[in-house]
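The next block holds one structure in the form of structure tokens; read it before the comments.
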């Protein structure tokens, strides 16, 4: 793997059974990222079960299973490279904690592949109000995944019909435009994961009416997202250690800005001020750390007891914002009844977890257009998009999504389920900060 290529995290989204695993399994197999002997082995196992079409999907599913069983296997499967980029494939949805990981995890997606099935009835189910195609597209956009490639898959089930392709493409363009995607920048690729059409190479004999890129080529259409070096420093803390002979060492990932040895920093909410004595990443000393670096840094003048996971470090000249309250735009993914003002679930934002109250429902948005459907609604329910005023029940750092994307994305959870996901539009600073 070449180290010089920029690295992108790719998430694969779309309705269940539309062929996400099979398509990615096929791609990894065709470009040589998977040992062909494994595919052979899966083929034999799949045949025995009468499910031969599953052999490519098993590439990913077997790995998931083995990972869940705690067997360490080579995650090289989840990595592949194109001419321009080095990709890490993030667990596709269907994974229980997918939404939470998408927001709080290191698995922050940069770009997405949306897979939809061309099969009669399947496409319609995915794009229906209850379908995952719609939900995942909303979620991806809400979570700041601004670049997308679309695979219109299972084209073999409709005899590679140009009419069916156009019909689906036009419906998707409507959905994607409504959510806020720039549709003229999105490639729509007719694929068959099962027959290997337009996956790693163009297949004009099957789709003579299509003259665009194959899936593998389309991944190079992505633009590299800017790494926010010129923004003020923000480091959400993951852990804090006290090391004998060194002192207090917070650990976290630099999200924005640059941290240098000798810098004066403040860690909020506790208002702990200190000087950076040393920085290291994976046991290698650094003079400075930039966005994307996972680091431990020794701070003089701060005790371990003052800090905890969820605190955020910044420079004393631009301290992280502690929120009295904040306004967010959310999408309700799951709720058994309805949400009204006063509801107090749990807020997950960067590495922090605190109880939060829905203080006021300001507007309900039309999920089809994003325009205001209702001012000051009494309640919101599953499938709704809304603007809400939130009040954290404990001090927590919250930043505007427009200024600090990684600290302005959040999930709302209750009893182990993700209720909603959203972005911060505005923050009212807490007094005394």
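In case you wondered, yes, glycine gets a Cβ from its N, Cα and C as well.
Owing to the predicted nature of the structure, the values given are computational and were not obtained by experimental measurement.
Looking at 60-64, 65-69, 70-74, 75-79, the range tied to region 'G2' in Swiss-Prot is 70-74. Per Swiss-Prot, the stretch carrying the note region 'G1' among 14-21, 22-29 is 14-21. Checked against Swiss-Prot, the range among 87-90, 91-94, 95-98 recorded as region 'G3' is 91-94. Beyond its flanks by at least six residues, the region 'G4' (153-156) meets 18-19, 23, 115-119, 122, 164-165, 190-195, 197, 206-207 of its own chain at Cβ-Cβ distances under 8 Å. According to its DSSP assignment, residue 14 (GTP binding site) is coil. Per-site Cβ counts within 10 Å over the binding-site residues 14, 20, 21, 155 peak at 155.
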